[in-house]
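These notes concern the structure reproduced below.
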């Protein structure tokens with residue numbers, strides 16, 4: 001088969017292969033295509049071949065790999081850059097493009113949306129500068145309001161497992177406290193239920209910036225402008241160091257209940273400036289980022305840091321994922337998303353640096369089921385989807401009209417984000433191969 005193009009003087013013979021199921025497969029035949037074709041041109045060719053076999057086919061964006069590396073330039077430029085011979089028949093693998101196929105209607109808040117969490121497939125959590133946490137069952141549908149903070153919420157975390165009937169959520173706030181809430185996601189369908197915290201966690205001496213839940217257990221960790229990381233129990237029963245408030249209240253759609261206060265079980269000390277972000281991916285390991293330009297890995301049992309990475313910039317966010325959940329991504333006060341691989345001995349330099357943003361990075365998140373994919377959010381108003389196999393973003397989500405303050409994956413195929421435009425945005429239909 002010969003595919004027409006502007007440059008008829010130079011043709012390359014290729015075979016398109018895929019691991020996708022029908023109807024995405026094309027016949028494994030050699031076709032001749034122009035050497036100056038780009039990714040968009042390759043996508044058009046594959047769509048034309050599929051449409052010739054299936055007239056009802058709807059155009060689908062594709063990405064393309066040669067020897068496991070994504071193509072982000074013309075085919076001829078790619079072959080020259082990689083030293084690949086153009087004389088042989090090239091095998092080009094195609095996958096569904098990692099890009100949103102649908103934008104949901106925005107969910108407006110009363111102030112900046114400073115935190116989002118998509119850990120549960122049943123709902124989305126948001127935290128807002130109005131001091132309220134919110135639970136969204138879908139775009140525009142707020143099922144629960146988590147109330148009680150006197151300052152802006154900076155972070156939200158899902159504490160217990162996704163399949164639990166009653167959900168536990170932790171919120172962190174600029175009022176120096178954390179609050180723990182319990183609610184049933186299925187109980188509120190036609191109205192919004194207000195939920196009061198069952199426990200208030202006090203101990204930080206400055207604004208709390210981040211909260212993360214232990215992957216398996218009943219604890220959360222928090223980070224603060226007071227340069228510390230605190231660990232807390234989330235159980236309802238009181239123990240030494242906890243005091244019970246006898247105050248009870250019954251509000252709108254709210255059951256009467258008591259409220260306890262908790263103190264930190266322990267503190268991790270070592271950072272010298274604001275600890276901007278924490279994640280707790282393993283039972284005994286916590287990672288943190290700080291304005292002191294460092295990323296640290298903490299041993300929960302000893303309370304000491306076992307890894308200390310410096311990048312020369314104040315950091316706002318950190319996450320752990322990728323191959324064997326061993327890669328560390330962080331971003332901060334420059335436009336560069338950095339990725340480290342601490343398994344490589346003798347080096348503390350990032351193994352990847354992605355620099356397509358034009359302002360500070362506010363959030364980064366690894367995809368839970370992919371070794372290659374992660375996202376970043378920035379004050380430039382954009383969210384970028386990345387693949388470690390190319391230096392360019394796979395997709396740029398540009399739906400916010402102000403700074404993006406938070407972002408996360410949801411259900412594996414959506415990105416949820418919040419920003420200074422006071423909106424929760426949902427970008428869905430993202431195909432992760």
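From the backbone N, Cα and C atoms, a Cβ is placed for every residue, glycine too.
The range from 186-211, 212-237, 238-263, 264-289 that Swiss-Prot describes as region 'Disordered' is residues 238-263. Among residues of the same chain six or more beyond the repeat 'WD 4' (270-308), those with a C-beta under 8 A of the stretch's C-beta atoms are 209-217, 220-225, 227-229, 231, 314-320, 325, 328, 330, 332, 340, 342. In this chain, the repeat 'WD 6' (356-396) lies out of contact with the repeat 'WD 1' (108-146); the count of Cβ pairs under 8 Å, excluding pairs fewer than 6 apart in sequence, is fewer than 3. Looking just at the repeat 'WD 6' (356-396), the mean pLDDT is 97.
Counting only same-chain residues 6+ beyond the ends of the repeat 'WD 7' (399-433), those with a CB under 8 A from a CB of the stretch are 19-20, 95-104, 106-119, 121, 124, 126-128, 136, 139, 359, 362-363, 365, 367-370, 373, 375-383, 385.
Sequence-distant contacts of the repeat 'WD 3' (203-242) (same chain, six or more residues past either end, CB-CB distance under 8 Å): 151, 154-159, 168, 170-178, 180, 260-269, 271-283, 286, 288, 290, 298, 300.
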